[in-house]
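Following: one structure in structure tokens, then a few remarks.
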Amino acid sequence: MTIHAITVLGHDRPGIIADTTARLAGLGLNLEDSTMTRLRGHFAMTLLCAGEATTDAIRADLEPIASDGTLTVTVYELPEEQAPAGAGRLFVLSVHGGDRPGIVSTVTAEIAAVGGNITDLTTRLSGDLYVVVAELELPADADVSVLEASIKRVAQELGVDATLRPIEADDL
Amino acid sequence: MSFNERVAAWTEAELGVEGKVLEVVRAPAHVLSVPGKDVDPTAPETIQLAADLIATMRVSPGCVGLAADQVGVSARVFCVDVSTHVKTKTHHGTYVLCNAEVLEASRNEKAREGCMSVPDLTGDVKRASRLTVRGQLPVTGETVEIVTDAFEARCLQHEIDHTDGLLFIDRVAGAHALHQRQTYL
């Protein structure tokens, strides 16, 4: 049993997901985790599949999807890994302000500096407004108030606003 | 729940001035990110601002609340009117509150929000669905407490956030809680 990471990127059209997943099913692959979305109108999909098929066999089977040149498909085998324990504390970081280069890199550097791990991140550009929403896991020994202050300091230097809040537990 | 008859009976006729429709500013305008100043609810400029906010809300389709910073004035004033919204339960009609603050908030619920100052995005935000708010009415300056629920509670928290320099995007529930707006009213 191996895990393969498959990405499909490019021009969006109806049927990409149906076609790709049918081919993977035909190879006996099981979709374990996936994300599929559109970014600025482009199709973007990442799949983690488990099964016995080889990398070469998957590449060959998916080749027709990319044959018209509008989609790029990549296939890589991933090493088996246990999911991290997730003992850290969970937070949501919102950053918004005028679009400029370096917002994500500057703010995320502060998170990395305290050993925080970003588990999910979305950015949106809406007119002049740039929005970043990140979910993060902070190590137990990280000082949240110090991190919050450092994020707000770099945000101010960038001329953007930043808010760090604990993720509220689901009610059920 | 004690319904506030005084607030429910309030209408913009009490302002005694004609409101002007003002331009609504959009993020990333700086005024949206700074806490507003406390106001004197009896001051003529506050009364005119109250009338202008209502006039601007009235001409904006789907608008159920508007804060002063959204028309470029960094002051703790907003108007609301959720009376015709489908998600409304309790409501107090149209009113303006000055220097409002949340006294009690409970029973968080997640729902989709938008904002005239962030016109192309919506977000899933957890807000209290039971709420007690205290503020002052314009002209008389009398202090009122509003106990409400559901959509009026959400709207009041959204507007009070504006007076504190916060947008709904500061409170979205997670990385997948921000959405491109699908429909414009």
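For all residues, glycine too, the Cβ spot is worked out from N, Cα and C.
Note that this is a predicted model, so its numbers are computed, not measured.
Sequence-distant neighbours of B:CYS115 (Fe cation binding site) (same chain, 6+ residues apart, CB-CB distance under 8 A): B:HIS158, B:LEU167, B:PHE168. TrEMBL lists B:CYS115, B:HIS158, B:HIS162 with the feature Fe cation binding site.
DSSP assigns B:GLU159 (active site) to a helical segment in the three-state reduction. Summarising the environment of B:GLU159 (active site), the number of other Cβ atoms within 10 Å of its Cβ, over all protein chains shown, is 23. As annotated by TrEMBL, active site applies to B:GLU159.
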Remaining residues near the recorded Fe cation site, that is with C-beta within 8 Å of the centroid of the site residues B:CYS115, B:HIS158, B:HIS162:
B:GLY65, B:ALA67, B:GLN70, B:GLU113, B:SER117, B:GLU159, B:ASP161, B:LEU167, B:PHE168
